[in-house]
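Visitor: To start, I am sharing the structure in question, which I have written as structure tokens.
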Amino acid sequence: MAGPIEALIGGALIGAAAAGMLLVNGRVAGISGILARAVRPGGASWQWAFVGGLILAGLAARLWGIPTPEAFALHPASLLIAAGLIVGIGTRIGSGCTSGHGVCGIANLSPRSLAATLVFMAVAAATVFVIRHLL
């Protein structure tokens, strides 16, 4: 598990990437929105490049020997895919994901994003409790 230094560096990189996206492209770095617009007919090349960069970063981490999250080894792929689909549905209902609301929206002092992020975190905490203690 990452320590406080790694968390600080990771947070700074996420913040720098979000700020860079806003400065260069004039858009917030909401991953679900970028992906949704990329798969629509006429999706912009920068959206595909952004999604491709996320995938390549994961592959690079694997090649460099960065450990895979424990959940990947503990749960079948079908469960992880189903969980991803449920999260995708939730981001659609919530009009955005943790990157759009939690990173960019809160930084822009959006009350809607603060409310969405609080709901994300509360549901995440409840889910962890149920999985660890009730199932």
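Glycine is treated like the rest: Cβ placed from N, Cα and C.
Sequence annotations record features per position, and here TrEMBL assigns transmembrane segment to 46-65, 72-93, 113-131.
How buried are the listed features, and what sits near them?
Guide: Using a Cβ-Cβ cut-off under 8 Å and counting only residues 6 or more beyond its ends in the same chain, the transmembrane segment (113-131) has close neighbours at 94-96, 98, 100-102, 104-106.
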Visitor: Sort out the residues at least 6 away from either end of the transmembrane segment (46-65), same chain, that have Cβ-Cβ distances under 8 Å to it, and list them.
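Guide: That would be 25, 31, 34-35, 37-38.
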